[in-house]
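Right, one structure below, let's go through it.
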């Protein structure tokens, strides 16, 4: 299944024509002497998709279609009233998207452009790592900055993983401009990927080399086919190469470098450059070390400050020494605290000044502003008391140097613990990335395909079409297919499937999986970013970048949170100061070591530093990160926070039948010919027609037809012309000059083929046995009836039963006949059945359920399920299904097991329970902490919160939210599912 994910991001015209066969027929048919044939879509034709609101029936759709078709340059218009969409094929030289939109609105409907394929080739997605974000305010600011740039279509910034995903038009700007905008906003930006279909590798040059030899290397590499760009930093030993992996690879680069430079220097060697501090994990480790070192140095200075202020003042002898006056009223203790607190404030705490300056420069405020204001207030007031004491003979004041020093120390400790915890939330991605083996055994084959030699190479040097050897106990180094050998491969690390999968010649293997008991020779088909492992990692990363709707609450709060806290802090100080000056509270409330101004200042600083916007900003993304990571390890790929949020509300599930409730591996169990014909010839015609279809039933027929061609493993079937897929009914084509139609009764009726009584009896007999009856017509005469059986999945009945216990309604919608559908539904335990449903009818049923108040999930695997998957609140694609179904779905079930439907819903419920808990804690902490810091309890209990304790509480709140999310890593599937899987294994063994 994992190889299906390789096309998750490439639905273009081909996908459109597959999903909408009617349009495909208009687009690709060309007349030539009365016969039609498949031709490429004209590049001049573009596609635009609009959301059209206000359509209530087919008459509305008809009026929209007529209005659009009156425009010049319209090639085709398909109006979908059910999903409120209009898909227009047009010539951009004659009409533009804005004119089409205005025409729809003139017809009385509201229209908005969703997609314009005219610009699709000029649309790219780049990912950028952003360093320096401290809270939700920072991420929101960067989003606003990026979205204001001309040419940026969409921008998502994820605080938890410190990355941005930006959709932009490369005709209007480059990714360098995006990096510049982020840098100008005050953050460090590092490009991760540009979205182009290229790979990048860094090579290290060892040996004696000169600028001249490096220039020769650069020109030689640029001359290679497939090389897009070569970057050489003169004076260093690093070369970066941007290349197309389909055309060339790193082994070619190394070979060229060593052969060219050999004559000049004699001792030049090229190797793959160690990632060092480039990768996300390395960067994260560097940040952790930096905070750890800062915290240790802050302790060196802060501990003596704390001891002189809080402990030694109560020890006789030491107290007298610290209270010794040096100049006027300035004591030794004050000088020591001043000297020790200064490097903490301005050296170790410099990062907060830099962060504050950058935030204020762009007109916003973040956590750094709060920390800088709070510590500066404490430090500079203390400095004022020191200077007054040194210049006055009767001044009595108290310094707060320990407050500023301890605040900075505790906040750095909190950031250190927070980064440590945040790193653990992305361990799922790190584990996936580490699955690829470091080395591989490369085989050299002679002209006859025999092994001529083998060599152990770096796993990153594997290129497309290489043949590699996988020994027992070794990991598969790259995606490919077996050309020799037989073994069992453990794919649990990719698909979550615990049972080893048998592999023999022709079977595909996935990079990162474990070979168990045999030797395999594998031909590499995909490397680098194209591999299934890389695609899964990218899918999980994209899911973590996508914001859940519930996170909008934190984003809204972050806009005004910091300014509000500053206002509350100043108001607190002013209220307590005025109350003291006006004697609104007794003099006895003021501690003996302070005056009313200092008491008010402490309350104000405490309010400033206890407020924590970070906890709010981390509440959702950290839980989503852990939840999607746990899902990936369980074989459930969840495409972002929005899918998670919807899935936890699901109370109705619509199941497709074939490949979802059934095994999806149907077999032909009976063939009945109604005309005199050789069975081999019959199946030649049928297989030639069905081989063009992705439907499981079509694959079963083709597989069965191979039995009549025992001499060939992969026979070449006769050419099928004018192939048309009538979605939900069947297919038709012209083979050897004869019109062949394969499908159900609806297909035959629509195309005017008479169904005789004996064929009706054969269909009824098949339906009673839960088999699917397929009719075959040759030259408009019904020629044969096939009975295809698709066994029920062992877990189907109990999975439906468990869903009922979770108060979730199960419904089956299938394109199969009523007899087979009812028979399967009875076996599974589903009461509500819709049969003989076309794709649009499946989507219509989903809409009806939604209108009745249900939150609907659709589980399917085929092209004909795609409209329903899109229409449903949550689309779940079976992993073994088609690319289009996987693309349309919100959740991909990689193991193709129905138990994972329950796992997905249960995990989403657990994740959102954790998100709610995070918000309760984050909001509750601020709502309770700020009033306490402001002194609400002081009049009745004399309890006040010192600023350094308030700072420690603020740091602890962020850490606690992340740790609360990390508890999701202990997620266990419902016990019922474990028992169900054990029984399923026992059934398979029997």
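Easy rule for this one: first residue shown is 1, then count along the chain.
Just so you know, glycine gets a Cβ as well, placed from its N, Cα and C.
Note that this is a predicted model, so its numbers are computed, not measured.
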With the ranges 335-353, 430-448, 449-467 to choose from, which does TrEMBL describe as transmembrane segment? 335-353
Tell me which of 250-271, 272-293, 294-315 corresponds to the transmembrane segment entry in TrEMBL. 294-315
Could you tell me which of the ranges 494-514, 515-535, 536-556, 599-619 is annotated in TrEMBL as transmembrane segment? 599-619
Residue list, the transmembrane segment (560-579) vs rest of chain: Cβ under 8 Å, 6 or more residues beyond ends. 137, 364-367, 369-370, 373-374, 585, 596-597, 599-601, 603-605, 607-608, 611, 613, 616, 930, 933-935
Best-contacting stretch, by C-beta pairs under 8 Å, relative to the transmembrane segment (365-384) and drawn from 294-315, 335-353, 396-417, 599-619, 919-939: 396-417
Going by DSSP assignments with H, G and I as helix and E and B as strand, what are the residue counts for the domain 'HMA' (124-190)? 22 helix, 24 strand, 21 coil
Tally of helix, strand and coil residues over the domain 'HMA' (46-112) according to DSSP? 22 helix, 24 strand, 21 coil
Could you tell me whether the transmembrane segment (919-939) and the transmembrane segment (294-315) are in contact, taking contact to mean 3+ Cβ pairs under 8 Å with a sequence separation of 6 or more? no
Can you give me the average pLDDT across the domain 'HMA' (46-112), rounded to a whole number? 80
With an 8 Å cut-off on Cβ pairs and a sequence gap of 6 or more, do the transmembrane segment (945-968) and the transmembrane segment (599-619) reach 3 or more such pairs? yes
Lying 6 or more residues past either end of the transmembrane segment (335-353) yet within Cβ distance under 8 Å of it, the residues of that chain are 294, 297-298, 301-302, 304-305, 308-309, 322, 326, 368, 371-372, 375-376, 379, 382-383, 386, 399, 401-402, 404-405, 408-409, 411-412
